[in-house]
Amino acid sequence: MLWLVPLFPIVASLLLYGWWQRTSSRPALAGSAAGVVAVTLALVIFAEASGWTGTLTWSDTLSLQIGFTPMTHLAALVVPLVAAPIIFYAAVHEPAQRLGRLVALLVAFTGAMELIILARDLLSLLIAWEIVGALSWALIGHDFNDRGKARNASQAFMTTRTGDLGLYLAAFIAFSQTGSLAYADLAQMSPEAMSLFAAGVTLAALSKSAQVPFAPWLFSAMSGPAPVSALLHAATMVAAGVILLAQFQPILASVAWLGPLLIAAGLTTALAGGLVAAASPHAKRLLAGSTSAHYGLMFIAIGAGYPAIALTHFAMHALMKAPLFLTAGIAGQRAGSYELGEIAGTSLPKGLRPASLVAVLALAGLVPLGPAWSKEAVVTSAGLAAPWLAILVALAGGLSALYAARFQGCLFPRLVDVKTGPDPAHESHGGLQRAPIYFLVVLVLLSSAIWLPAVHSTVGQWLVTAFPSTKLWEFAVSLLLVLAGLYLGRRLATRELTGQSQSGAIRRFLTQWMLLPRAARLFVVKPVDGLANALASFDTRVVDAGIRVTARLTLWLSNVGSRSIEWLFDGLPEGLAQLSGKAGESTRQLQSGMLHHYYSLIAIGIAAMVLILILGMITGGLS
């Protein structure tokens, strides 16, 4: 029965696409698509309460298994909860051209992500992983008539595909060691195999969750529509790596190098992503940099041995990041650009300012909003590994506050003369577009309840973990850095809008993701292209040359044979035919019909036989 959870939205997406071809009602499409995802959420709740599982036998040795674990309960709920308002927004906000395709892909994407979360074996995981990758390519390249966007979609797809090879490696190792792909059998692997398995899974997780050095693919993914960015960043594709590592962390705890590696990668990305977001002049890219940074915090929590904290921050991040992307979508549509400087002079609806402010303060990690609690939990988990690590994580939180304040200050400036007012004539269903934002912001406000001891204790029991207690000095340092970041971010936005901030070399360095894309082209793309060209040249000059020489030699032999040896090949059968004919004629002459001829032949034959016997006897006597 549990197969209904991932399969229902996937199958329903096909029906939605077909139905949109026969109707043009945006509210109807929005309601039906969001309704499908809402039913998926209800199925998740009912399945968890009823203890549903799912098994599909693939062969005698392989079977597809899905089920709930303490590490998947929360994620399975968050995905449809956040996806439903995003998909509703997409249906009423995006252009009508290919709208049915867009909405159908978003709904199917939700189902594929549920399969990643619920998978209890590597085969089911790989199937879902591939579906998510293919759908993400189609969603990012939704406007495929634009060659630039299509190229960016391919770039994002190929970057994540590089990391996906690690997951295949992990599956091969697991099957060779255990004869099974079930998660339950992974503990049977030898320490060496477990280490290789961890390396493969980590590679796949780093690429999917946009951690250094794979982080720049998120900038390419910004070519997709705003709701695509919201869904990929908030609750689905980018979260896949964190969810995968959170599930495997208890199994991989014996791999000594894994924890420090995850902490190092997460901390590097959290700080680098924060700097990139703080410098970016593009609204969606600012949010993309912040996505990498916050998933870096989740990697730190997993590396420190607290996957439940990572999943809690995943849930909080999804609630706060989705409304920010949707707000940027409305602002970008009205301004005709996602450049913060151009958005600053654009009229935006009054209700968006307070809604965006709540989400921005949540992104900044300001108490008492729920995301602040999960961020402080990450600081605490890092502090248990090393006090200096807690300070660096708090610094990453301060950067988050800085770019969050800059985002709000540029979208809703005080110093620029902007008149807020009703929706412009070209924008229909403005109220319906803002409704999902308000809904998500209400969820952010409700998440503040996690600060209550009874609530976060209940969440800990649900996730079968005990959250560590926050140290007072860690909380004080973190809060101080958040307040400093908010102040500096606001000042930075003011300087930008008044023309006092200039684009220098450092800023260009940061907005280009610290030259990581250029380094990838220099040290990965070009060597691979060079190797491919060298192999192609070898194939042309050596392999193809051998084939051409063989063909020419065969043709030469055939020509020589036709001129010089043809008489031999023709003469042999012709000579045999002539000899056979003469032998036949001689044989016919023996059949004369005269008895005395036959008697003569018989006598000659008998005499020959007697002669042979006599010779044999003589030869035998002599020997």
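Using the three backbone atoms N, Cα and C, a Cβ is placed for every residue, glycine included.
Here TrEMBL flags 119-394 as domain 'NADH:quinone oxidoreductase/Mrp antiporter transmembrane'. For 6-21, 28-52, 72-92, 125-144, 165-184, 231-249, 255-279, 286-308, 385-405, 435-452, 472-489, 598-618 (among others), the entry in TrEMBL reads transmembrane segment.
Distant neighbours of the transmembrane segment (6-21): 29, 32-33, 36-37, 39-40, 43, 66, 80, 99-101, 103-105, 107-108, 110-112, 114-115, 118, 128; these residues of the same chain sit at least 6 beyond its ends, with a Cβ under 8 Å from one of its Cβ atoms. Just going by CB pairs under 8 A, the stretch in 125-144, 231-249, 385-405 that sits most against the transmembrane segment (255-279) is 385-405. Highest Cβ pair count under 8 Å relative to the transmembrane segment (435-452), across stretches 72-92, 125-144, 231-249, 286-308, 385-405: 72-92.
Residues 5, 9, 26-27, 29-31, 33-34, 37-38, 40-41, 44-45, 48, 99, 102-103, 106-107, 109-110, 113-114, 117-118, 225, 227-228, 230-231, 234-236, 239, 243, 247, 311-312, 314-315, 318-319, 322, 326, 329, 429, 432-433, 435-437, 439-440, 443, 459, 462-463 of the same chain, all 6+ positions outside the transmembrane segment (72-92), place their C-beta atoms under 8 angstroms from a C-beta of that stretch. Sequence-distant contacts of the transmembrane segment (286-308) (same chain, six or more residues past either end, CB-CB distance under 8 Å): 70-71, 209-212, 215, 218-219, 221-222, 229, 233, 238-239, 241-242, 245-247, 249-250, 253, 258-274, 276-278, 280, 314, 317, 321, 324-325, 328, 340, 363, 375, 377-378, 381-382, 384-385, 389, 393, 396, 399-400, 403-404, 406-407, 460, 463-465, 467-468.
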